[in-house]
Each structure stands twice: as structure tokens, then as C-alpha cells.
Amino acid sequence: MSRGPAGAWVALGPLLWTCGLALEGGMLYPRESPSRERKDLDGLWSFRADFSDGRRQGFEQQWYRAPLRESGPTLDMPVPSSFNDVGQDRQLRSFVGWVWYEREATLPRRWSQDPGTRVVLRIGSAHYYAIVWVNGVHVAEHEGGHLPFEADISKLVQSGPLSSCRITLAINNTLTPHTLPPGTIVYKTDASKYPKGYFVQNTYFDFFNYAGLHRPVLLYTTPTTYIDDITVTTGVDQDTGLVDYQIFVQGSEHFQLEVYLLDEEGKVVAQGTGSQGRLQVPNVHLWWPYLMHEHPAYLYSLEVRLTAQMAAGPVSDFYTLPVGIRTVAVTERQFLINGKPFYFHGVNKHEDADIRGKGFDWPLLVKDFNLLRWLGANAFRTSHYPYAEEVMQLCDRYGIVVIDESPGVGIMLVQSYSNVSLQHHLEVMGELVRRDKNHPSVVMWSVANEPTSFLKPAAYYFKTLIAHTKALDPSRPVTFVTNSNYEADLGAPYVDVICVNSYYSWYHDYGHMEVIQLQLATEFENWYRTYQKPIIQSEYGAETIAGFHQDPPLMFSEEYQKGLLEQYHLVLDQKRKEYVVGELIWNFADFMTDQSPQRAVGNRKGIFTRQRQPKAAAFLLRERYWKLANETGHHRSAAKSQCLENSPFAL
């Protein structure tokens, strides 16, 4: 078994272009306003995978120059969704290489005829590398499968008599040592076992590498002079809230800005002018986490109004940004929100479900939030990549605290610490902070999960990466999640909070739950003695197949999962009185992985099944989390199940 040539990606299609053609500037969520419209392109798209030996046929035949159906047979593919589980084709489920999507959209006449209208194509997520054409013209490229990118297509749709546009995407899910997450292409050269050119995609993470258009695709408009970006940071001075804002405008240097902050009743509580300033909010309603306050998740609305006088006449633009006023701080032993100790009792998740894979789905999202609130969870980590923007918006609305993680999972190889990898990781953190900086629910950035941080190049890599993230956003702490030994971890000196994953009596000392308390307590003590920083138990858990029962408990039974959690909780209850500031179970729900003898149709460590039905551990954890909530905050009675009540979901 040998690895292919250094240019493994070349064998699968064009070289990795730089993402310089993606738009610079802001990445505000597309909201409708008096000056802005949007047209969703979700639904059925034409789809075709390039099964040619080199995966080059689509480029050689220029499939983007004509309707995709003219290139050969196509499939109907729902967007958003992963393409892997929708059909019955075994080859497509594990396909690696270029796939092609196409959709024709009819535009409102004003969009195509008004030169004062700017038309933007926005792709919420295309995993992993995407090239975009409109009417056969190349408009954008983007590397990375979890963050949005845009292209201004105004000139293309306003240059002819047509009121429609044909949008074509080529997407490649190949992972290399320099992608995030990393992977390798391994060519099988034994002719007695494998056909010529046979290769496999190796990954270093434990979830399925779903691919496709995972999040909404849409068109939206702005005026040609428009609000491009808004940055908000908040503070508190006694009972006065402080909202510092900075607004960026594109299209003209001559404009006026008015800024209004409205409370939940629509009353203006503060106002200002200009591109930057500070708003003071007397008798402020703070944004509090779920179960930490009787009135959690209070959101103000920041209304920004732009006016400009252009040669063609006056221009105006309006944008409304939800704002939660809160503070975050870290001490040697505490994580503070609004100056009060906050204890994370929550989950790790995945964007994963039957059939849709990682595709965004509103019913699934609402179900998950209902379960989180029922569970008494106040937090989750976006393991192991940024989640959809709509997820973050619901976290803002319902007070669910977020550790926002980059796709830096599986950084194992020395090559993945190269300057090429570091530069890409810096760019990804820039995109992540740009997208999520204004969410009050986001209280900490996580730059990676379980890297080989004991390798020598890890010290410079994480020192640089964390410093860069703090420079982008000085208002939040930064961490990465480790499973390295406390003495060997070269990245830990640079984090603000120690996040540790451990699986005592699961991945070692199989079945011996009696050693958990000693091993876990020793690990906590070693980490704290070395770094004097607060600690989060960022992962722990056990594989459990729903309906398997054994007493005395045996591995994979529901009883074993419960017993393991109980042993962890005994130590957590001791150490949370000292320096442990949180616990996040692995995992919220079962999820799909690559096939292997160690995985029975995916990872079964969920406290819920993949279909969101509870295992016995869910009830154990619910009892614990409501008990923790009773000790740490003001909330409704734990006897009452929590759900999303009377929510219009008008995000």
C-alpha cells in the first residue's frame, strides 16, 4: 500500500486554486428589509458525479458551458442535503472527487433591469472545494466545507435580455494533509488485489465525510451602496449596557449612517450616527444563558440606516442585527458570564441525520432544540466544524451557550503543521470569526479538536493560530480540545481554558469502571497544577446500542453507559467546586461514521439514537442537568418539560 504522487489532488481534477476570487469584506446574514430582497434556491437541483478515471471529464468537456442535462444523465438532488445517502447507488455513497450541481433561477424583472440593484449569490456550505459559474461564466471559488461564500453576479444578470440565470457548481470532497479537516489519498498498487488507479480516502476523524450542498443557497439584493459589515461588542457598567459598533459601507465614500437600538417591544432605547460609536442602554436587560436567569436570552435589535446621494439619485439601505448585551471573562478557576460563574452542562453534537446526512433541516433543528431544553442542557460545542448560521441564531434566541469550533479535527500528520496548512487554518478562523462574531451565544472559540499537539511543530502552530484568533476577536477566550498528555501538550500554554477529552474504561481498561474515579481525578489535578486554568471535560462517554441490556453492566449496553457516566459525575461533582467549569457529554445523538469493524453502522455514543429517541442515559443526564441548574441559576421548575413555545422562527 503506497500513497499516490504529491499532487494527489491533480489526479482528481484541477489544482486547488486559492480562494482569492471569493468576495472580501463582510458576511452578514441575508435578511430582508425595505432595501433588500432574497430568493431561496433550495429544492431539487440537477446533479451528476464525474465517475471518469481522473475525475476530469466535467472540466475537459466544460459541463458548465451548457445545461448539465446535455452532458449526460443527471439525477434530481435535494438542496440542502448530502448527496451520499439520497440514492441507492453504492458507488455514489462513498464517492470521492468532483460532483456537479445545476439550478436555473428566474429573477424578478427589477433585479435584471435596475442598475441600482446589486445581486449576490450566496452558498451557505459546499463541502469541500467549490467552483461556481453563472451562465457559464466563472464567478467564485472557495475552499472549506462549513462556511458561507458569495459572488456579486449583478453584471452577469443585468447584461442581457434574459431574466434567468443558470447556476453551476463543481464540488470536490477530497481531503489532503493541508485541508481542514485533513486526510490523505492512498493508492492501492497491488495489481493482484486492486484494479488500476484504485484509491481510497483516508481520514483522521470519527464521522462520515458527507459532501454536497449542505446549507441553503440563495440570491439576495442590496443597493449598489450598501452596508457591508457590522461589528458589535458589548459591555456593562453597573446597570447600563454598552454597545460599541463599527459599520463598514461599500459602494461610496459619501454616506450618512443612523443607528437605533430597539428593545423587544420595539422601543428605541439608544441611538447614534456615524460608522462607529458607543450606545449606552440604561436599565439594561442582559443576555443570560438558558436556566441561569428567569428571563434568559434577551435580544435587542440594532437598526442601521444608510443614505447616500449618488449620480443616479438617492440611495438607502437598511439592516437589522440582533444584539445580546453580555460579558465573558475567565479567571484561574471560573468562567464568568455577566460577572457570574457559569458552569457548562451540555453536549457535543454533529450535523447528522438519516437520509439528509449533514444537510440543514428545520424540523430536525427544532427537534434538537426541544431535546436540549428538555434535557436541561445550557451549552454545546460545534464539534467538529462550524454549524449552520440558523443554528447559531436559535442559540441566541434560546440562551444556549456555544463553544464555536473550527473544522480543525484530525490534525495528526507532520505535514498538517506546515506553513501551507497554517495559512489555510488562519484564513478559516478569519471566516469563522467574521461570520459568528456578533452572536451573544458564542462565548469561546475552539481552533481544533484532538490534534497531535505533542509534536514539535505544534507549539508554533497553535501559538500563531491562537494569537491570530485573539487579534480577530479580543472579546472572547480561545481554546482547543486536547487528548494529549498534560506534560507533552505543546499547545496548552496558549489557551485560556483547558478542554480535555477522556474515555476511561472505554478505549482502555475496557469494562473496568472501577478505575474511572482515580484516573479522572488524577488527570484533572495534573492539568490544573501545571497550568492553573479552568478545565472543561469536553468529551466523555460510552458506545451504547439502544435496547441492549446487561446486568451486571457490559460494554455497549444501556446499563454500561449509565454506569460510566455516574462514575464521571462523582469526580465532576468534587472538582466543579474547585476549577472544573463544565462537562459536555459525547454525544448528543448517534451519528454516521466510515465503515469499520469498530463501528456498528456509525458511532453509538449518543444519549439519543440517530432518530432522536432517548436511551436510558438521557434520563440520567436530564436529572443531573436540572439538578445543576437548580444550584447555579434562576429558572422554571425542572418538573416542567421545556420546549420552544409559540416561536415564529422569524430569524
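All positions are counted from 1 along the displayed chain.
Backbone N, Cα and C define each Cβ position, glycine as well.
Feature annotation from Swiss-Prot assigns active site, proton donor to Glu450. Positions annotated as N-linked glycosylation site by Swiss-Prot: Asn172, Asn419, Asn630. According to Swiss-Prot, the signal peptide annotation covers 1-22.
A gap of 48 Å separates the Cα atoms of Asn630 (N-linked glycosylation site) and Asn419 (N-linked glycosylation site). Its Cβ taken as reference, Asn172 (N-linked glycosylation site) is surrounded by 24 other Cβ atoms within 10 Å in the chains shown. The CA atom of Asn419 (N-linked glycosylation site) is located 20 Å away from the CA atom of Glu450 (active site, proton donor).
In the three-state DSSP reading, the residue listed as 'active site, proton donor' counts as coil. In this structure, the C-alpha atom of Glu450 (active site, proton donor) lies 25 angstrom from that of Asn172 (N-linked glycosylation site).
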